[in-house]
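Q: Quick one: this structure, given as structure tokens, is what I'll be asking you about.
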Amino acid sequence: MTSTVLPGHPHIAYRGADLFIEDLPVAQLAQMHGTPLFVYSSAAMQEALAAYQRGFAGRKVQICYAMKANPSLAIVQFFARQGCGFDIVSGGELERVLAAGGDAGKVIFSGVGKTRAEMRQALQAGILCFNVESEAELEVLSEVAVSMGLQAPVSIRVNPNVDPKTHPYISTGLKGNKFGVAHERTLATYQRAASLAGIRVVGIDCHIGSQITEATPYLDAADRVLDLIEAIEAAGIPIHHIDFGGGLGINYNGDTPPAADDLWAQLLAKMDARGFGDRQFLIEPGRSLVGNAGLCVTEVLYLKPGEEKNFCIVDAAMNDLPRPAMYQAFHGIVPLQQHSEVPAQVYDVVGPVCESGDWLGRERSLAVCPGDRLAVLSAGAYCMSMSSNYNTRGRAAEVLVSGSTSTVIRPRETAADSFRNERLLAL
Ligand SMILES: *Cc1c(COP(=O)(O)O)cnc(C)c1O
């Protein structure tokens with residue numbers, strides 16, 4: 001039987017007419033668990049992580065999975081078992097790390113709006129580092145730490161003002177973005193940090209955006225950060241670790257991002273050339289570890305031919321997969337079973353939610369009948385994690401595949417689950 005791997009989607013392949021994830025037919029999983037259903041390949045996650053590990057072979061590095069990409073407990077546990085730390089953006093994510101058996105000592109806490117309660121929680125847990133995003137946050141963090149008789153380990157997130165050439169909503173390292181401390185304020189901020197009783201400077205970090213498909217923005221940002229380290233250390237403040245953030249893109253629609261090991265070979269060559277090669281490095285990859293390891297299976301409910309458009313109405317919607325509605329993002333959509341007897345037609349693939357923005361794919365050529373199932377590709381990152389209960393739709397189930405075994409890591413949510421915490425009025 002011929003096996004055709006989908007480009008950019010290792011471990012997802014047609015064997016004959018049937019779509020497989022590792023050694024399991026996806027249709028069998030849909031039959032067992034219903035739809036919409038997220039399915040992830042552990043081999044694909046493993047390989048994505050291995051590319052980073054190869055890139056850093058022989059270096060001091062802590063890979064911190066940016067878990068907002070997919071924070072399901074079993075996914076967090078999977079990366080914790082591989083030695084990963086975590087980049088978190090809320091106290092809730094810290095609770096998930098601990099619930100999944102992760103190590104608080106490998107956690108870095110990013111985000112522009114950390115509350116005092118979250119700071120206390122993270123200090124209590126003993127996290128590795130706070131990535132501080134403003135001068136105001138630094139003052140509050142010092143106060144909170146002093147009140148606990150502690151010092152907060154801190155890295156300042158620098159906004160290097162480089163254009164990552166990605167979607168404006170996921171670009172974070174330009175002057176107009178809310179993230180990080182402006183390049184020209186960085187030295188002054190470090191000097192203030194070094195003077196605060198509750199702060200211990202440990203590193204520097206930058207994260208310039210997401211779905212970056214070229215090496216150049218990283219190389220430019222690296223130069224800017226290394227310049228800053230030289231200035232900060234010249235002022236007598238040692239920088240122990242350098243954190244380059246995450247943001248490496250994946251192939252959604254023929255995109256050709258550099259492989260993680262290639263990108264890091266280029267970046268580390270720059271570090272070596274400038275005398276920083278033996279530093280402790282931190283990185284925060286999210287999407288590139290999980291994005292193309294996952295797919296979302298959905299069933300075709302109705303075909304609705306129209307004067308201007310044909311609609312293929314499926315049982316997954318913007319509440320399950322918000323990226324198309326939010327960013328006009330492209331996700332490949334392929335049938336679980338290829339059949340030749342139905343002629344292909346061009347459809348907008350849409351969900352049942354009462355919003356015109358509820359679409360998963362536009363103008364896709366598909367040979368489908370009602371009852372057929374489709375796989376929405378590249379659904380491992382920022383899909384389940386952004387899902388909601390809009391329209392009182394329970395969240396989808398999730399299954400993790402390894403070889404020919406599958407494990408339900410999140411059973412399907414019922415409507416009752418979704419309103420369990422609500423209360424009726426007394427009268
Ligand atoms: C979201 C985020 C990441 C991960 O970004 P990806 O594009 O998913 O790799 C890393 N660091 C910070 C601070 C983030 O906010």
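Glycine residues also receive a Cβ, built from the backbone N, Cα and C atoms like all the rest.
TrEMBL lists these features:
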- 41-380: domain 'Orn/DAP/Arg decarboxylase 2 C-terminal' (DOMAIN)
- 45-290: domain 'Orn/DAP/Arg decarboxylase 2 N-terminal' (DOMAIN)
- Lys68: N6-(pyridoxal phosphate)lysine (MOD_RES)
- Gly247, Glu284, Pro285, Gly286, Arg287, Tyr382: pyridoxal 5'-phosphate binding site (BINDING)
- Arg287, Arg323, Tyr327, Glu355, Tyr382: substrate binding site (BINDING)
- Cys354: active site, proton donor (ACT_SITE)
Q: In whole Å, how far does the CA atom of Glu284 (pyridoxal 5'-phosphate binding site) lie from that of Tyr327 (substrate binding site)?
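A: Roughly 22 Å, rounded to the nearest whole number.
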Q: In the same chain, outside Gly247, Glu284, Pro285, Gly286, Arg287, Tyr382, whose C-beta lies within 8 angstroms of the Cβ mean position for the pyridoxal 5'-phosphate site?
A: Ala66, Ala69, Ser210, Gly246, Leu248, Ser288, Leu289, Ala381
Q: Taking all residues of the domain 'Orn/DAP/Arg decarboxylase 2 C-terminal' (41-380) together, what is their mean pLDDT?
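A: It averages 95.
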Q: I need the nearest neighbour of Arg323 (substrate binding site) among the recorded positions Arg287, Cys354, Tyr382, using C-alpha distances.
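A: Closest recorded candidate to Arg323 (substrate binding site) by Cα: Tyr382.
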Q: If the criterion is a C-beta within less than 6 angstroms of any ligand 1 atom, which of the recorded positions Arg323, Tyr327, Cys354, Glu355, Tyr382 pass it? List them in sequence order.
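A: From Arg323, Tyr327, Cys354, Glu355, Tyr382, counting a Cβ under 6 Å from ligand 1 as near, there are none.
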Q: Within 10 angstroms of the C-beta of Tyr327 (substrate binding site), what count of other C-beta atoms is obtained when all protein chains are considered?
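A: Step by step: centre on the Cβ of Tyr327 (substrate binding site), count other Cβ atoms within 10 Å, giving 16.
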Q: Provide, as an integer number of angstrom, the distance between the C-alpha atoms of Glu355 (substrate binding site) and Gly247 (pyridoxal 5'-phosphate binding site).
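A: If we compare the Cα positions of Glu355 (substrate binding site) and Gly247 (pyridoxal 5'-phosphate binding site), the gap is 30 Å.
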Q: Out of the binding-site residues listed (Gly247, Tyr327, Tyr382), which are within 10 Å of Lys68 (N6-(pyridoxal phosphate)lysine), Cα to Cα?
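A: So the list is Tyr382.
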Q: Around Arg287 (pyridoxal 5'-phosphate binding site), how many other CB atoms lie within 10 A of its CB?
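A: Cβ-Cβ neighbours of Arg287 (pyridoxal 5'-phosphate binding site) within 10 Å number 27.
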